[in-house]
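Visitor: What follows is a structure written as structure tokens; I'll ask about it next.
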Protein chains: 2
Amino acid sequence: MQTELTSSSSFGALGAQTVTIDLAERSYPIVIGTDLLPAAALYAHLPKAMAALIVTNTMVAPLYAQALQGALAGQYAQVHTVVLPDGEEHKTWQTLNLIFDALLQHGCDRKTVLFALGGGVVGDMTGFAAASYMRGVPFVQVPTTLLAQVDSSVGGKTAINHPLGKNMIGAFYQPQLVVCDLATLDTLAPRELSAGLAEIIKYGPIADMAFMDWLEANMDALLARDRTALAHAVRRSCEIKAWVVGQDERESGLRAILNFGHTFGHAIEAGMGYGAWLHGEGVGAGMVMATELSRRLGLVDGAFAARLQALVQRAGLPVRGPVLDAQDNAGRYLELMRVDKKAEGGEIRFVVIDGPGQAAVRAAPDALVREVIDACCT
Amino acid sequence: MQTELTSSSSFGALGAQTVTIDLAERSYPIVIGTDLLPAAALYAHLPKAMAALIVTNTMVAPLYAQALQGALAGQYAQVHTVVLPDGEEHKTWQTLNLIFDALLQHGCDRKTVLFALGGGVVGDMTGFAAASYMRGVPFVQVPTTLLAQVDSSVGGKTAINHPLGKNMIGAFYQPQLVVCDLATLDTLAPRELSAGLAEIIKYGPIADMAFMDWLEANMDALLARDRTALAHAVRRSCEIKAWVVGQDERESGLRAILNFGHTFGHAIEAGMGYGAWLHGEGVGAGMVMATELSRRLGLVDGAFAARLQALVQRAGLPVRGPVLDAQDNAGRYLELMRVDKKAEGGEIRFVVIDGPGQAAVRAAPDALVREVIDACCT
């Protein structure tokens, strides 16, 4: 894949790098650097408004809410904060409604700017709240997890879960700005760091084998939270995602390749109950399963599959799927995957590796998928 | 106002007229005529899908659901129906979720086409469900009330209510097609017919005094449900709305004039409890109040205000607002209007008549608004 360098130096005074998501009038910058979150200058070019609402959770609020409030105080006459419960199991309408309650109780008008301060769950809910409040208000992503910095806060996918399926209710809605402050990763639990690495690893096999080489050479540095290594990994991930999203904002084609490992991963998350496995953990095992499917389809060889599995394992991620049903495990996976958004007319669409560094979306015979599940689950 | 004629004859074989909403790749036709709903040919050009879901309510389902199902049966392998409770008080998340439940229980994929069969409440909820299900599926409006045919089903505004405000949660999301079957108006209660006339009357003072003249000459025919008169009124209303929406899809400016009478009207609806007054009834009294405000601002004369009030009254609509608070009625109105979506930074934005046939949006001193409320409420 050819990816244009999209960096600019407009935030250079903060020692930051910028990747631009290029979507005409909905374009926006992703700013990557250290100690950005408290820098008031970063927010100076946002749309003018009377009020801002910071949406965060019980885990992140004590760490960063005050710093962000301080950075915004000069820009907005009112800066409100709403603190949501933490965890994927709270990505529901009931929790989303806490954001609407706060907006209406504070009399927030349709220029109010929302700030998503937290991980993917906070970002997805804040984005959907921003898309829907008064039919759309501006919002900013301030992701504090590695996963959110390289994936969920970039590209404009927002959603909540429904009891019958993950991310089933949402919107494509782009933020005004994404602020990736690498300093916030210092407080991340090791399990969360690994979950973020799953989404970083993903970009290698689907788009850029040179990046996969780099990840193999730098995995120890990433696990040690070396900021130079993290900055490169976040930037390269965002560049690849920007390139894909810029061509297919609404996932009518190419963008689906970003879901590599996610069809199996979503089945694992749903089957175990949301929150039992982290999203990135499901993606880790899911990538191994999707690669095994690619191998059995004759698209990649065993050496490639072993190489990917080794990298997933080194990142501290599970490489085998859980048993979701002792009687008919493969049947349960298939049932869960059929309600995935990528399914069409009951046919499951898998992202497969169509040769190293290249992905494709295709169906596969149920019998073959059953073999993969039987071979890859413990 | 200059309005281009936008009719075409692509649905001429059905004896129908067409008005086009011109929004580039989101453009769509409004087809107006008699006995259109059961005509399978009308739906032949919609996107292909395995399944369709008809969303309707307990009032409309027994009248028209079977006819629409029959018309769609040749086009979709599965045609499901979900029946919602009837009434503005059900325009809530809980009711919206019945649509998501049905979609997921039937395994509907992201090509599924939704059909809104009913009035404005069904249309608003179906549209928002379509905007949000899997981040967007196609939908069709089949409005069966006059109000929905001339206003709510045209232009892509969708929403649900929040306990603290009407239409606070929603999306701008355009349908693929709007089918205005005048035959469905035969079953409309007289009170609902009058409510629809409020939104028709609106188009005169804000945009087209010749249409106001026509309405004065043809009000008796409209109340008698003369189909030729209804066809003209629906078509002209849709043409004016198409012209406005085509220039300002997301209500950043001009489009706000379509809310003439709605700021007072929404306060009446909210203050009385949703469902006590019909939306069109609130708009009827609201237009009289907004015109009185325009008069006190020196924008129109007393003769114009009297003329509008007479037309609203002839349509069978209330011309005075209710008392919402015996202690401080004007204060209660102001409080309710301050949470209106058009308010900005706590300042209420009123649509005023800026001379006959022309509207503007502006603020007004609280003291003057209090005078208007005191003069216009019983």
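Backbone N, Cα and C atoms are what each Cβ position is placed from, and that goes for glycine too.
Just so you know, TrEMBL annotations never went through curation; they're auto-generated.
The domain '3-dehydroquinate synthase N-terminal' annotation in TrEMBL covers A:82-194. Taken from TrEMBL, the feature NAD(+) binding site applies to A:86-91, A:120-124, A:144-145, A:K157, A:K166, A:184-187. Feature annotation from TrEMBL assigns domain '3-dehydroquinate synthase C-terminal' to A:196-343. What TrEMBL records for A:E199, A:H262, A:H279 is Zn(2+) binding site.
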Visitor: I want to verify one value. Collapsing DSSP to three states, which class is A:G120 (NAD(+) binding site)?
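Guide: Helix, per DSSP.
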Visitor: Using a Cβ-Cβ cut-off under 8 angstroms and a sequence gap of six or more, which residues of the chain neighbour A:H262 (Zn(2+) binding site)?
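Guide: Listed in sequence order: A:G282, A:V283, A:G286, A:V351.
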Visitor: Go ahead and report the DSSP secondary structure tallies for the domain '3-dehydroquinate synthase C-terminal' (A:196-343): helix first, then strand, then coil.
Guide: 106 helix, 1 strand, 41 coil
Visitor: Of all the binding-site residues given, A:G120, A:G123, which has the fewest Cβ neighbours within 10 Å once its own Cβ is left out?
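Guide: Lowest Cβ count within 10 Å among the binding-site residues (A:G120, A:G123) is A:G120.
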Visitor: For A:T184 (NAD(+) binding site) and A:H279 (Zn(2+) binding site), determine the Cα separation and express it in whole Å.
Guide: 19
Visitor: Report, in whole Å, the straight Cα-to-Cα distance of A:T145 (NAD(+) binding site) from A:E199 (Zn(2+) binding site).
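Guide: If we compare the Cα positions of A:E199 (Zn(2+) binding site) and A:T145 (NAD(+) binding site), the gap is 12 Å.
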Visitor: For A:H279 (Zn(2+) binding site), what residues in its own chain, 6 or more apart in sequence, show a Cβ-Cβ distance under 8 Å?
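Guide: Spatial neighbours, sequence-distant, of A:H279 (Zn(2+) binding site): A:E88, A:G120, A:L147, A:A195, A:G265, A:E269.
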Visitor: Just how many other Cβ atoms lie inside 10 Å of the Cβ on A:D86 (NAD(+) binding site)?
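Guide: There are 18 such Cβ atoms around A:D86 (NAD(+) binding site).
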Visitor: So, by DSSP, how many helix, strand and coil residues make up the domain '3-dehydroquinate synthase N-terminal' (A:82-194)?
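Guide: Computed counts for the domain '3-dehydroquinate synthase N-terminal' (A:82-194) are 47 helix, 34 strand, 32 coil.
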Visitor: Once A:E199, A:H262, A:H279 are set aside, which residues in the chain still have Cβ within 8 Å of the Cβ centroid of the Zn(2+) site?
Guide: A:L147, A:D151, A:S152, A:A198, A:K202, A:G261, A:G265, A:G280, A:G282, A:V283, A:G286
Visitor: Same chain only, sequence gap of 6 or more: which residues have a CB within under 8 Å of the CB of A:E89 (NAD(+) binding site)?
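Guide: Sequence-distant Cβ neighbours: A:G273, A:Y274, A:G275.
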Visitor: Which residue, of the binding-site residues A:T145, A:T184, A:T187, has its CB surrounded by the fewest other CB atoms within 10 A?
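Guide: With the binding-site residues A:T145, A:T184, A:T187, fewest surrounding Cβ atoms within 10 Å: A:T187.
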Visitor: Tell me, what is the mean pLDDT of the domain '3-dehydroquinate synthase N-terminal' (A:82-194)?
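Guide: Mean pLDDT, the domain '3-dehydroquinate synthase N-terminal' (A:82-194): 96.
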